[in-house]
Amino acid sequence: KACPRNCDTDIAYMVCPSSGERIIRKVCTNCCAAQKGCKLFRSNGSIKCTGT
């Protein structure tokens with residue numbers, strides 16, 4: 001799928017299966033471009049989306 005490469009400033013951190021579920025901060029991604037299974041979170045801790 002084609003995804004824009006822009007950073008979603010609403011995303012504070014993400015957690016991915018490939019990182020062993022560790023929190024990854026300072027991410028520059030968006031809901032479309034995130035790796036499969038990665039969960040993207042807002043700064044208040046709510047989940048914004050999961051990569052598909």
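Here the Cβ of each residue, glycine as well, is placed from N, Cα and C on the backbone.
What you see is a predicted model, and the numbers here were worked out from it, not measured in a lab.
Its own atom aside, the Cβ of C3 (disulfide bond) has 11 Cβ atoms within 10 angstroms in the protein chains shown. Secondary structure at C3 (disulfide bond), as computed by DSSP, is coil. Here Swiss-Prot flags C3-C32 (among others) as disulfide bond, drawing on experimental evidence.
Non-local contacts of C28 (disulfide bond) by the CB criterion (under 8 A, 6+ apart in sequence, same chain) comprise C7. According to Swiss-Prot, the disulfide bond annotation covers C7-C28 (among others), on the basis of experimental evidence.
The feature disulfide bond is assigned by Swiss-Prot to C16-C38 (among others), with experimental evidence given as support. Counting only same-chain residues six or more apart in sequence, the Cβ atoms lying under 8 angstroms from the Cβ of C16 (disulfide bond) belong to I24, Q35, G37, C38, K39, G51.
Annotation source Swiss-Prot lists disulfide bond at C31-C49 (among others). Long-range Cβ neighbours of C49 (disulfide bond) (same chain, at least 6 residues apart, Cβ-Cβ under 8 Å): C31, A34, K39, L40.
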Radius 10 Å, atoms counted are CB only; among the disulfide-bonded residues C7, C31, C32, C38, which position scores highest?
C38
